[in-house]
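Per Swiss-Prot, the features are as follows:
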type: REGION; residues: 1-21; note: region 'Disordered'
type: REGION; residues: 1-184; note: region 'Large ATPase domain (RuvB-L)'
type: BINDING; residues: LEU23, ARG24, GLY65, LYS68, THR69, THR70, GLU131, ASP132, PHE133, ARG174, TYR184, ARG221; note: ATP binding site
type: BINDING; residues: THR69; note: Mg(2+) binding site
type: REGION; residues: 185-255; note: region 'Small ATPAse domain (RuvB-S)'
type: REGION; residues: 258-342; note: region 'Head domain (RuvB-H)'
type: BINDING; residues: ARG313, ARG318; note: DNA binding site
Amino acid sequence: MSVEHSPVDPSAEPPEKAEEAALRPGALAEFGGQQRVADQLGLVLAASKSRGTTPDHVLLSGPPGLGKTTLAMIIASEMSAPIRISSGPAIQHAGDLAAILSSLVPGEVFFLDEIHRMSKPAEEMLYLAMEDFRVDVVVGKGPGATAIPIEIPPFTLVGATTRAGLLPGPLRDRFGFTAQLDYYEVADLERIVTRSAGVIGVELAEGAAHTIASRSRGTPRIANRLLRRVRDWADVHHESPVTPQGAETALDLYEVDPLGLDRLDRAVLHAVCLKFGGGPVGLSTLAISVGEEPQTVEEVAEPFLVRLGFLMRTPRGRVPTDRAWRHLGLEPPPDSSGEGLF
């Protein structure tokens, strides 16, 4: 079983990135959901504009698909500034970072995705650049090596991470504004789906946006992906406007159930409940039983199942809750470890 093209995988596939860009809002006022973060960030940007200064460095953390890249682009747009985009894995040497920083123009926004994956030497160079707008380039080797300071123009670093706990304290402390993005409410996702439908030219009947939003796992990227799959179905079946029943039929075809569970999620639940009699079962054994890599099970399926209250991670292994048994149409056994917890 492969989830590489699962419609509810929160990571973006390369072909999707151009489609995502077309659906991104260009201003904070258009950014759906995350109202607290949008209000706080709006205040930071407005104050910077009134003072004529560059905004503080910004750290955005949270699961994939919640809008970190979109917010970075909005920051640049709101400040009428250019944006430079890179990622932690692409910066493995201090020289790579020095080349980028030394070519920034005043006020430019530097978006560094997956900042937690940057190399240690580059990370240490970034400390000085963020604080003093300077980088020290070492020339020569051994005892004769000399550090040459290079001034860089004021810039705003926007760092994005899905694993904020991996960032060292000295790096986190240099961000003037930090925000944790949360999963979206269905009502917010409905507004996002409605807006995106207008952008890509899909007419939705009343209730269709809710059908899509409720299966989107609280994630805008997934909501927009499901909308595109519904559009495909509607084009082939000549349905316009798309009704809630039509959207439901399309998403059933892609094996996304009303809670947003896909084939892998259900396979994990079946394995834990039926193959292993309610567990506990270890990750490696569970992965083998569903035909997936342990990392895929741990990073794609389990977080959502835990968030729904269907699965517990215990020191002895994975255990289903009573809700998981009932979702499969089964009564939990009398000695169920998840009895009464959810």
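Using N, Cα and C of the backbone, Cβ positions are placed for all residues, glycine too.
Mapped onto this structure are the features recorded in Swiss-Prot.
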residue: LEU23; record: ATP binding site; CB count, 10 Å: 19
residue: GLY65; record: ATP binding site; CB count, 10 Å: 27
residue: THR69; record: ATP binding site; CB count, 10 Å: 21
residue: GLU131; record: ATP binding site; CB count, 10 Å: 12
residue: PHE133; record: ATP binding site; CB count, 10 Å: 15
residue: TYR184; record: ATP binding site; CB count, 10 Å: 25
residue: ARG313; record: DNA binding site; CB count, 10 Å: 14
residue: ARG318; record: DNA binding site; CB count, 10 Å: 24
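The DSSP breakdown of the region 'Head domain (RuvB-H)' (258-342) into helical (H, G, I), extended (E, B) and coil residues amounts to 41 helix, 11 strand, 33 coil. With DSSP classes pooled into helix, strand and coil, the tally for the region 'Small ATPAse domain (RuvB-S)' (185-255) is 50 helix, 2 strand, 19 coil. In the three-state DSSP assignment, the secondary structure recorded for THR69 (ATP binding site) is helix. Across all of the region 'Small ATPAse domain (RuvB-S)' (185-255), the predicted model scores a mean pLDDT of 93.
The full span of the recorded ATP binding residues, LEU23, ARG24, GLY65, LYS68, THR69, THR70, GLU131, ASP132, PHE133, ARG174, TYR184, ARG221, taken as their largest Cα to Cα distance, is 37 Å.
For the pair PHE133 (ATP binding site) and ARG313 (DNA binding site), the C-alpha distance works out to 44 angstrom. Using Cα positions, the member of the binding-site residues LEU23, GLY65, THR69, GLU131 nearest to ARG318 (DNA binding site) is identified as GLY65.
Put simply, ARG313 (DNA binding site) is 24 Å from GLY65 (ATP binding site) when counted between their Cα atoms.
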